[in-house]
Amino acid sequence: MFANRVRQAQKLYQKRFFSLGNNSTISKQQFKNSSNNNNNKNGGNKNGFYQKAFIATTVALTTTLLTATTLLDDNTNSEKEILKSQRQTFEKYASTTLEGERQMTAEDFLSALTTLESDKQSGEHEILKASLDADKFKVLFQMADVDHTGYISFDEYVMFDELMAKPEAEYFLAFKLFDRDGNGYISKNDFKHVITASLDPSIPFNFDCELVNLYFGDGRTELNYSQFTQLLKDLQQERIKQEFKFHDKYNSGYIPRDKFAKVLGSVKLRKIPDHVRDKLESISELNLLSGHPNEVSYSQFVAANDMLLHIPSYGRVLKAAILKNKKDNINKEEFLTEARSSTSIEITPLEIDLIFHLFDLNKDGKLSISDFEKSTGLNINKIGGGTNYSDSYPSDSHVTIQNSSTTPSPSTPITNTAAAIALNKKHGKTFAQQVLESIENFALGSIAGGIGAAAVYPIDLVKTRMQNQRAVDPAKRLYVNSWDCFKKVVKFEGVRGLYKGILPQMVGVAPEKAIKLTVNDLLRDLFGDKSKGEIYFPLEVLAGGFAGMSQVCVTNPLEIVKIRLQVQSTGPKVSAITIIKELGLAGLYKGAGACLLRDIPFSAIYFPTYAKMKTILANEDGKLGPMDLLLAGAVAGIPAASLVTPADVIKTRLQVKANAGEQTYTGIRDCFQKILKEEGPRALFKGALARVFRSSPQFGVTLVSYELLQKALLPDAEYKPPTNAPITQKDFDVIRGNTNTVQRVIDMESKFGTLHQTRDNNKSSNGGENKN
């Protein structure tokens, strides 16, 4: 129902005004039908080879579909909450009933528009009402009253609210205000009329400038919506350029420093922290030797304008440069070098001079994070990618928050990335401290690995026995399937039989998981882009592959002992010590090649998938709960475990001692060829399902335990999860909830120049108050 309203709104506004874009959506029912159709196609051949061979892949796809369905349900719940809020607001202010349906009058609509989140803000409520003059309200009401009845129905209110929630709402409002005759185009006369009424008449705007002539030609060209939005962007630069010329009375290329600060402060395409705004006039100090101590040159004016547009980007550059140079502060050359290597922003030496002049508080020629944060009010740890940095400023700081992008977008929470975590590391740690930290992480990884292995060990035993079953004749097979194997082990060997060989497993899994997690972390940190908190995907896979390779030298000897203990069912039992003596040092590494073929691809698939799942499951604050981590680990284990099953089967066959009359193998190739010849390709996927059901929860439990143990046992230690993928989860509620329509109008006026100086002009005409 809600989605239908949105689509109706889009169609209505497309027809009435202009195209708002096409949103392609797939309903949940279509999604389910598609899934069912696929299942029906595959269901007719349940006993076929391909289904059995790739059964784990099917499980992985099913899990992916279930995850997608869950995400769709989450979005649906969010939409229901929004609709509920819209209904509550409408019912609160709608005072008229027509034909049995509640309706809003113009006064009701005005009250609804100017309502803030808190009813306690009644003073601001009245200010918003006062700021919405008759002309602007008329435009808004006409936009909402689609059927021209003079009243607003609930459906119309929802449509209007949906439109105002769009990121381009401010452009849309500006377009409607400029389009005086409502024909969907902006003429040069429309443009001149609004701009003339909006700007300060004491600084006339030259409508015969090159910019206006390029857009409107000889005056007969009219602009559609898209063309108009580009004009609004370019208009800002033209305004300040003309204002500079106006204040340059003697054509000297300099203007008074107070006029310089006023002109730059009048443009609302950026955020200007109060500390920076107050220091803009001090830029004139750089001209003491040139004979213009109280003036600012045009080159400085242009450089300062560019600099103010990119303050958050400079914060990222500073952070990356300090990490790269391993120093607490950097000089101009180091800053410029990092800026050119890590950003697409072209920074000039003059801009560098201005940056250090404004932000270098102690004037030592070096810039530190502390200097930057004190000068700007920015929290440098919260600076992420993109152009909207509202959350980078502390809530109690006195910072003028202005849109930093020419395309308006709702503020989104920006969470810490791996680079931000790395930035929090204390510089100058002693070697002993670093060693202690590594030991702590290793110990936690060992304990977590043991917990994960013990939780799923019975499944591992069943998997090993199924893979080792070599008889081709069904009559000679000891186990029909994994479930039959499980039942027979419990029946003939007892519950304790399910845990045969667990001691070597516990001894081996601790260093295995600890080494794997530690190496993966180390390589991700080495390969990653610290300035952005990101890692190139092929390098991410490479890090996982090396992590898997690093564990084999330690775990292969213990695993071969474990496997030989697991396959002992009846008859005389052989101890682990006896097995070790029998094999010798060389024998303990039997099957190591197959082990590498299994573990390297497994880790190369698992760790990037786990990192990606963490980003998907993170909440609006970028945080994950224990169940989120468990699910991320479990889902990542599905493709990783299933796709490397053939290597695991070969490894098991090579490491198990063949009984009398059973086939023996001389190596990986020999084993592979004999299995294909004697048992068929399906034998390469024996135990695939058990492996999936073992590996997925095992690694999920391991990683959850790792992170929870670190929080519980080392709460004051630096938090370092097994994978440090950056989390950038957008919050749907924030996108919808922090938007007030009247505030949109005010922001639009400030941004695009419409009615920008009107309030000051009114004050001047009403008694000359606040002439400054």
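Cβ atoms here come from the backbone N, Cα and C positions, even for glycine.
Given the structure is predicted, the values throughout are model-derived calculations rather than measurements.
Annotated features in Swiss-Prot:
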BINDING   Asp179, Asp181, Asn183, Tyr185, Asp190  Ca(2+) 2 binding site
DOMAIN    132-165  domain 'EF-hand 1'
DOMAIN    166-201  domain 'EF-hand 2'
DOMAIN    235-270  domain 'EF-hand 3'
DOMAIN    347-382  domain 'EF-hand 4'
REGION    378-422  region 'Linker loop domain'
TRANSMEM  442-459  transmembrane segment
TRANSMEM  501-520  transmembrane segment
TRANSMEM  545-558  transmembrane segment
TRANSMEM  591-610  transmembrane segment
TRANSMEM  630-647  transmembrane segment
TRANSMEM  687-706  transmembrane segment
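For Asp181 (Ca(2+) 2 binding site), the same-chain residues that are 6 or more apart in sequence and have a Cβ closer than 8 Å to its Cβ are Asp190. Ranking the binding-site residues Asp179, Asp190 by how many Cβ atoms sit within 10 Å of each one's Cβ puts Asp179 at the top. Highlighted in sequence order, Phe178, Arg180, Gly182, Gly184, Ile186, Ser187, Glu222 have their Cβ within 8 Å of the centre of the Cβ atoms of Asp179, Asp181, Asn183, Tyr185, Asp190, the residues recorded for Ca(2+) 2, and are not part of that set.
Long-range contacts of the transmembrane segment (591-610) within its own chain (CB-CB distance under 8 A, at least 6 residues past either end) are made by residues 516, 520, 537, 540-545, 547-549, 551-552, 555-556, 559-560, 632-633, 635-637, 639-641, 643-644, 647-648, 650-651, 654-655, 667-668, 671, 695, 699, 703, 723. In three-state terms derived from DSSP, Tyr185 (Ca(2+) 2 binding site) belongs to neither a helical nor a strand segment and is classed as coil. Confidence across the domain 'EF-hand 1' (132-165), taken as the mean pLDDT and rounded to a whole number, stands at 76. Annotation for Tyr185 (Ca(2+) 2 binding site): same-chain Cβ neighbours under 8 Å, separated by at least 6 residues, are Asp179, Glu222, Leu223, Asn224. Residues 504-505, 507-509, 511-512, 515-517, 519-520, 523, 580, 588-589, 591-592, 595-596, 599-604, 607 of the same chain lie 6+ residues outside the transmembrane segment (545-558) yet bring a C-beta within less than 8 angstroms of a C-beta in it. Counted within 10 Å of its Cβ, the other Cβ atoms near Asn183 (Ca(2+) 2 binding site) come to 10, all protein chains included.
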